[in-house]
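One structure is given below, encoded as structure tokens.
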Amino acid sequence: MAEFRVRVSTGEAFGAGTWDKVSVSIVGTRGESPPLPLDNLGKEFTAGAEEDFQVTLPEDVGRVLLLRVHKAPPVLPLLGPLAPDAWFCRWFQLTPPRGGHLLFPCYQWLEGAGTLVLQEGTAKVSWADHHPVLQQQRQEELQARQEMYQWKAYNPGWPHCLDEKTVEDLELNIKYSTAKNANFYLQAGSAFAEMKIKGLLDRKGLWRSLNEMKRIFNFRRTPAAEHAFEHWQEDAFFASQFLNGLNPVLIRRCHYLPKNFPVTDAMVASVLGPGTSLQAELEKGSLFLVDHGILSGIQTNVINGKPQFSAAPMTLLYQSPGCGPLLPLAIQLSQTPGPNSPIFLPTDDKWDWLLAKTWVRNAEFSFHEALTHLLHSHLLPEVFTLATLRQLPHCHPLFKLLIPHTRYTLHINTLARELLIVPGQVVDRSTGIGIEGFSELIQRNMKQLNYSLLCLPEDIRTRGVEDIPGYYYRDDGMQIWGAVERFVSEIIGIYYPSDESVQDDRELQAWVREIFSKGFLNQESSGIPSSLETREALVQYVTMVIFTCSAKHAAVSAGQFDSCAWMPNLPPSMQLPPPTSKGLATCEGFIATLPPVNATCDVILALWLLSKEPGDQRPLGTYPDEHFTEEAPRRSIATFQSRLAQISRGIQERNQGLVLPYTYLDPPLIENSVSI
């Protein structure tokens, strides 16, 4: 006989406790104990409780390998078993007769009656678990999760996603918490009611004037939104949004003018000033290009029975000398030059120039929402999440490292497939390119996607924007990338002693292969790895995954409402075609081109919700679920948190000197995962 003390920790969330009966079986090198009830006098397993139990094993099972946790509803006389009551277990701690503690992290919901098997908390890669019982358990765990979380092809040419139709179909481990879910719907309900009471969601006509638009601008406005309202017509603000707005990933240094963008010296002389030329500035590296060519010929939507229009503009920008502002030099609204595609200039009539800039901003909306936001910052993180759940067991160090960065991602993406990107919902009702345009853009971009785009340092180098001043997305993002990379490198160094150890980890290689096949559709031209051969490659890959799921999403999601609250700054649709000549634009024509009232308010409401985390947040580097139990990774986590705190202090100090602070990549404001 052997006496064990069992300590159990129950989560603190609403509903985490249970009335169900819990027992454990201890599996060792010499056998397995029968189920041992965890039963004290009174109520066990209340939310937030840590409770001790004494259990007696009839025989010595040897060195402990696994813990089987059994949960079943209580049985009442005459009535029989009650309905199962879900339980969130944080961890078990076993104290064997000879002393010492064995910690078994859990951090899972146990919903129905059944058994959950836990391994002692020391992280181990696949080749490090030598005992056949442990090897078998790893395989059985992955088989069960692969049955639970299955792939489906949502749209042709898109990354694959979770095969569930609604959030009601999701199991508790991937659902919003009760508090987060309640806050989300309370926020949505109050905002919808405010718009509805004002009658704005039912008005299908045009805005009467820019002044009338100010009515809607009072809706939940922010300091950044007020700045956009005050400066949206200014060239410097227009250009700055390519650096620090919601789509800071498209601007690139221009070393030569595209043949289909025939800007001349005479056109831009007034901005460049005397003593220079386009060629001189190209050679100096002071010209930049934003090309929305991927939008060329994209399918457009019908809103309120009226066809919408889209453009595929090219915008040439000039970095003023002496750290002056970035300024727009020229805009062409199509990819085909000619008499019907004039090049618009800052010296043109006010309304001609403003209309051209507004067409660029509409292109930014379409590009950002379909690609930068939906594809790169939601669909790809869902791929990383699903592959992690399906291919890495709980005891794998990469599972422990990555699982905090997958929290709620499957819930919010399933919700998006319910409420955003389906017929009759906001993308279909109120955006200029609609669902079909979104789908076509994603299909096009998937064929162009490459690994360097996903790795920030390479992306910055490829676009040639290493030294453009005032590019805070780059500055803050590179600091965070560096902190994540150092953290990941330390963790990888603990568990992978050599390149061969990376190659020999079959679970890691299966994870990478599944991401390549299901996420990137086996496109070798993308440069996305289908296997990893070195520790250096593994560090870069895992850094990319964590950065994409946290900082990248924050940078391109949190500012959506700030940019669109004053709709002319980021119109979701355009109701008249792009101008084919100059000198015809007027204030009335400008307003007639903008989206109707109901579409404006529909999109603003949606982007307000998508910019606002509904509580239950976990900032980057915050890991309350302690999956790692060893001292070495815990020290690395503490160091990572210190680095992030130092980065935050620097960002906040810099922001004190900015008219418009850049806050989207301040670490305390970055969520660990894609959760909204």
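If you go along the chain as it appears here, the first residue is 1 and each next one adds 1.
Just so it is clear, glycine is given a Cβ too, placed from its N, Cα and C backbone atoms.
For the Fe cation site, Swiss-Prot lists His373, His378, Ile676; matching the candidates His231, His255, His553 against that entry yields His553. In the three-state DSSP classification, His553 (Fe cation binding site) falls within a helix. Under DSSP, residues within the domain 'PLAT' (2-124) fall into helix, strand and coil as 0 helix, 66 strand, 57 coil. Sorting the binding-site residues Ala86, Ile676 by the number of other Cβ atoms within 10 Å puts Ile676 first. The least crowded of the binding-site residues Asp39, Glu44, Asp85, judged by other CB atoms within 10 A of its own CB, is Asp39. The binding-site residues under consideration are His378, His553. Their Cβ neighbour counts within 10 Å are lowest for His378. On the 0 to 100 pLDDT scale, the domain 'Lipoxygenase' (125-676) averages 97 in the predicted structure. Listed in sequence order, the residues Leu374, Ser377, Pro381, Ile412, Val556, Ser557, Leu610, Val674 complete the 8 Å Cβ shell around the Fe cation site centroid, once His373, His378, His553, Ile676 themselves are left out.
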